[in-house]
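Worksheet: the structure to be examined is printed underneath.
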Amino acid sequence: MNNGMQIFDYEDIQMIPNKCVVQSRKEVDTSVKFGPHTFKIPVVPANMQTIIDEPLAIWLAEHDYFYIMHRFQPERRMDFVRDMKKRGLIASISVGVKDDEFDFIEALAANELTPDYITIDIAHGYAQVVIDMIQHIKHYLPNAFVIAGNVGTPEAVRELENAGADATKVGIGPGKVCLTKLKTGFGTGGWQLAAVRWCAKAARKPIIADGGIRNNGDIAKSIRFGATMCMIGSLFAGHEETPGKHVNIDGKEYQEYYGSASEYQKGTHHNVEGKKILLPVKGKIGDTLKEMQEDLQSAVSYAGGRDLESLTKVDYVIVKNSIFNGDQY
C-alpha cells in the first residue's frame, strides 16, 4: 500500500474551472466509446434486480445507453440474448462463478449466441474463480467483451486484465445499500474515488467506477480520476420504469431498493452484506438520464473543453474527508 497516497472520496473533491470555449453546453459531446460500441453518456444503471429488468434494458439499448442485465433470473438469459439479437440491439448480461455458470457459457456457444458484453459480477472479484471464468468465456465466446469485478486494488486490475478481461469494475462496498464496509471492515467505502484513481493508474483497459456516486457531479469526478464508465444504483432507483416493488405510505409512493447481497435478494439471512431502503418514486428514468447528460455537458464547459477528454486534465482541490461518503447511518 502506498502510504503517501491521497485518500479522498467524491464529496472531498472540487474541480477547478478553466476558460469556457463553447457558446452553449449543448455543443458538448458527452458520448463515450466503451468496447465495440459508443454510448450517449458514460453511465450504466447498476445490474441489480431493483434497478433493471428486460423492458428497461430494451429501452436503454434503443436509446443508445449502456446497460448490464442482472443475473438473478438465470433461466431467462439465453432467451434474453436471443431476443436482443433479434431486435438488432446490444446484448449485455451478467454471470456469476458457480459451476452452472460455466455450463451456461458453453450453452451460449453451442447455440451460437455471443452476447456483446458479459459482466462477471461478484462482490470480491479478485479471485481465482473469476480468472477461470474470464478464460472460460474467452475460450468459448472470444468476441464477447468481458467486464470483470468487483475489485479495489491495482494488483487485482492487472491480474484480471492479464487473464483477458476487457474492462474491470472498481468498488468494494461503497454503495448506498451495501453493508460490506460495516459488516466486514473491508472495502473502498469512504475512499472510492481515490481507489478509482489508484486502479486507473495501473489499468491498460477501461475501468467502471461502481458505487458511491450520490450526485451527477460525481460522474465528472469519476472521469477526472480515470474511469471510462460509471455504474450507478441509488440515483436510478425509484423511477417509474425501475422494477423495485412500490409501497404506499401515508399517500406517498415509495419504491424498495436493496443490495445484491441483501437477505431480500438472497431470500436467506446468511452472508448478508446488503440492506433495503425505501426511496420516493421520482418520475421517468429518461428525464434523469437527460439531466445527467446536461450536467455533464455543463461540467465539460467548466473544464474548458468540448468532450469528456477535457475532464481528465482539470486541476482539483481536496476540501475535506468523511468516511461515510455523505450517508447518515
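In case you wondered, yes, glycine gets a Cβ from its N, Cα and C as well.
As written in Swiss-Prot, here are the features:
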ACT_SITE  Cys178  active site, thioimidate intermediate
BINDING   207-230  NADP(+) binding site
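Where Swiss-Prot records a feature, it is marked here on the structure.
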residue	record	DSSP (3 states)
Cys178	active site, thioimidate intermediate	strand
Ile207	NADP(+) binding site	strand
Ile213	NADP(+) binding site	coil
Ile219	NADP(+) binding site	helix
Phe225	NADP(+) binding site	coil
Express the distance between the Cα positions of Asn216 (NADP(+) binding site) and the residue listed as 'active site, thioimidate intermediate' as a whole number of Å. 20
What's the CA-CA gap between Cys178 (active site, thioimidate intermediate) and Asp210 (NADP(+) binding site) in angstrom, rounded? 12
Across all protein chains shown, the one of the binding-site residues Asn216, Ser222, Thr228 with the most other Cβ atoms within 10 Å of its Cβ is Ser222
If one looks at the chain holding Ile219 (NADP(+) binding site), which residues at least 6 apart in sequence have a CB under 8 angstroms from its CB? Ile41, Pro42, Val43, Ile213, Cys230, Ile232, Met292, Asp295, Leu296, Ala299
Report the same-chain neighbours of Phe225 (NADP(+) binding site): residues 6+ apart in sequence with Cβ closer than 8 Å to its Cβ, ordered by sequence. Leu193, Ala194, Val196, Arg197, Ala200, Ala209
